[in-house]
Amino acid sequence: ATISISLFCRTLAPLYSLCFKSGRIINNSMNNVTIVGSGNWGSVAAKLIASNTINLRSFNDEVRMWVYEETLPSGEKLSDVINQTNENVKYLPGVKLGKNVVADPDLMNAVKNANLLVFVTPHQFMEGVCKRLVGKIRKDAEGISLVKGMEVKREGPSLISTLISNQLGINCSVLMGANIADEIAKEEFSEATVGYRRDKAAAERWVQLFNTPYFSVTSVQDVEGVEMCGTLKNIVAVAAGLIDGLKMGNNTKAAIMRIGLKEMLAFSKLLFPSVKDSTLFESCGVADLITTCLGGRNRKVAEAFALNGGKRSFDELEEQMLKGQKLQGVLTAKEVHEVMVTRGWVDMFPLFKAVYEISSGFLPPTAIVEFNNNIPHHIKNKL
């Protein structure tokens, strides 16, 4: 009898360890989270979420993070190093993600048990990621997009949250804000905004998942407004970086930011009349615009572009300066310009037009302060 009991206990021990964690039963009736993306911001999102799932009774502790596999200079696989060191040594070095974060290079395996999907991949890759996930996710899954950018096709522009919803057939909220990832990783206080369509309960679940003492999250019922702010502010940040590279002062930069904010609101409301003016006063709006124009990769690379007199392309500077991260402002400026040309709006958005023409090499960096002279009088009065 003693031997039988001992054997029984040894047999059940691994199952006990698997099913009971922090005093909670681990099962599929609980919320399971996967981060789809593992760059700088994706790694910070994993850190935030992992610090909460371990304490929230309705969530399984483990947070899966899909890693686009890379071989490091040491010859090791990035996902292996993340799991061994609990640190994304390439995109967020020196920051522990939480022992309950598991890096997974297999996208299908990473998402198969998740009912909460956090998308944080450069926007130009999102359509491909979604196509791979069709039919591979849980039927009760829902998503949230931290992706800043839009998809532009012949039939018109589409927000990334809409792309996710349409491709995967799931409800998708968004999270945007004044969020420079490295500062959040250091646990410096910042804010963010969750935008949702109809499901307030889903929005509050995302707030609960992201909110920490140093990362304050609120929600608003305005997906389009929140997401457009996060998308368009990168164009204005490029303009701000050009001003810095040209060694102009705070007066000029403030003027560029004000004009940029007006164009952001006007463009957003033309595309989506439901956008609320009040959304621009949330963290996703004016706060994100300010922080992105003062810091962040778009401002930084645009400054270098202007310092070089436009002789080195944004693509070259991105490769040299960002170490694998992607520059969103220049691509977004191109996509927005396509929309403006198609709809006859080009003259209505002189700053957006100038950023596109400068970043495409059609005008020198100095044109960022000359565009104002060419604005038709009836449009200038509205800026």
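Keep in mind that glycine also has a Cβ here, set from the backbone N, Cα and C atoms.
Feature annotations, courtesy of TrEMBL:
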ACT_SITE  Lys233  active site, proton acceptor
BINDING   Gly37, Ser38, Gly39, Asn40, Trp41, Gly42, Phe125, Ala181, Arg297, Lys326, Gln328  NAD(+) binding site
BINDING   Lys148, Arg297, Asn298  substrate binding site
DOMAIN    33-201  domain 'Glycerol-3-phosphate dehydrogenase NAD-dependent N-terminal'
DOMAIN    222-369  domain 'Glycerol-3-phosphate dehydrogenase NAD-dependent C-terminal'
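Scoring each of the binding-site residues (Lys148, Arg297) by how many neighbouring Cβ atoms lie within 10 Å, the top position goes to Lys148. Take the binding-site residues Trp41, Phe125: by the count of other Cβ atoms within 10 Å of each Cβ, the lowest one is Phe125. Considering only the binding-site residues Asn298, Gln328, the Cβ with the fewest other Cβ atoms within 10 Å is that of Gln328. Its Cβ placed at the centre, Gly39 (NAD(+) binding site) has 21 other Cβ atoms within 10 Å. For the NAD(+) site, whose binding residues are given in the record as Gly37, Ser38, Gly39, Asn40, Trp41, Gly42, Phe125, Ala181, Arg297, Lys326, Gln328, the maximum C-alpha distance rounds to 20 Å. Overall, the recorded substrate-binding residues Lys148, Arg297, Asn298 cover a maximum inter-Cα distance of 13 Å.
Cβ-based neighbour count (10 Å, all protein chains) for Lys233 (active site, proton acceptor) stands at 32. In sequence order, Asn234, Ala237, Thr292, Gly296, Leu327, Gln328, Gly329 are the same-chain residues whose CB sits within 8 A of the CB centroid of Lys148, Arg297, Asn298, the residues recorded for substrate being left out. A Cα-Cα distance of 11 Å separates Trp41 (NAD(+) binding site) from Lys148 (substrate binding site). Measuring Cα to Cα from Lys148 (substrate binding site), none of the binding-site residues Gly37, Gly39, Phe125, Arg297 fall within 10 Å.
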